[in-house]
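I have placed the structure first, in the form of structure tokens, so that the comments after it can refer back to it.
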Amino acid sequence: MLHRTKILSENISKLNINQHFLRQHCRTKSTRRFNNAKDEDEDYHRVRGKTENQEAQIYLLKSRGQHLLMNPRVLNSIVQKSNILPTDTVLEIGPGTGNLTLKLLEVAEKVIAIEIDKRMVEILHKRVSERGLQDRLTVICQDALKTEFPEFDLLVANIPYGISSPLVAKLVFGKNPYRSGTLLLQKEFARRLLANPGDSKFNRLAVNVKLVADVEFVMNVSKKDFLPCPKVDSAVVKIHPKAEIPKVDYQEWCAFTRTCFTKKNKTLGAIFKQKRMLLELMKLQEIKLDEVNNAIYSDYHVNDSEDEDGLCNEDNANVSSDVGMDLSLFREKVIDILRSGGFEDKRPSKLSHEELLNLLSLFNRARLHFHGQVKPTNGKDAELASAFGPL
């Protein structure tokens, strides 16, 4: 018994020694491994503190989405994932005080920054001049949405949340050729951009962008990495233009998808049976009606209560028999188009690009088009009429 106790005691002692050795070994290895990361974190907090003091005199405008990305590890990751060549010209939107700009200038031949805030431009020029890089930086102090983009190879930017959608559209549908765009976006917006057919977040934005480009998820970015701290987290995505793009009129395509995705989870049959939808679509076909019918078109008011065919019961009494007949025939034509391709019972949120392109082709072959200028006659029609407007 005493012998067993002695052996057990020796084994416990050896186990304690081994555990102590492992803890010491792992701690030393871990310290060596993350020593550089710790130094970088210390620099990050030191730089952040300095920047906070500098920015104390600058009022950051929420209306312009001014949140400065401060974490150097995130900035380095964005630059690394962008795959910038030494001969590249990089376009940056909203450089702010230049945290990302300085990183880009280290690897790119030239950086073109578009910044609307003159105060930020002054700080940016000062910081770049202190490092002797002013010859490689061009700053355009204008609104990025209203400014024609210069020639560039890559777009790398922390895009203000409020203008994410139009800026992405301007990138992918613009006339400038580009190799890729690495964008820091609001996380929810990035999810919508990455959504595929059948996903709950699949939407018109993803449909339009992915017609001409592929979207790749890069990484998530915490809201704590910004100054001031926004309410939501962010994500980085990378956009690559497709080598082969379908031959389609982009304005016609965008107006078509805007129409289909007004109620993306309804069937296409239900969407195109709505009276307002049919009336607006008829306008775009430049159907010539008599003066009485034109007066009715300018005065009609649509209530929310609709019958099974999508026509408002109360409005039926206010529409002339001629207009009712024209509308009925037009509706039959639209439904026949949907049925001919097997689309009547399908939902836009489930359709692939090939299916949507096929449906648009069926409409166009029947001489029905979706692009045109429609002026809403009242507030209720504004949202619907915008479905037929340009991108």
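Each residue, glycine too, has its Cβ placed from N, Cα and C.
Annotated features, as they stand in TrEMBL:
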BINDING   His67, Leu69, Gly94, Glu115, Asp143, Asn158  S-adenosyl-L-methionine binding site
DOMAIN    74-243  domain 'Ribosomal RNA adenine methylase transferase N-terminal'
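Local packing around the binding-site residues Glu115, Asp143 was summarised as the count of other Cβ atoms within 10 Å of each Cβ; on this measure the leading residue is Glu115.
Residue pairs drawn from His67, Leu69, Gly94, Glu115, Asp143, Asn158, the listed S-adenosyl-L-methionine binders, are separated by up to 20 Å at the Cα level.
Listed in sequence order, Leu60, Asn158, Phe226, Leu227, Pro228, Cys229, Pro230 are the same-chain residues six or more apart from His67 (S-adenosyl-L-methionine binding site) with CB atoms under 8 A from its CB.
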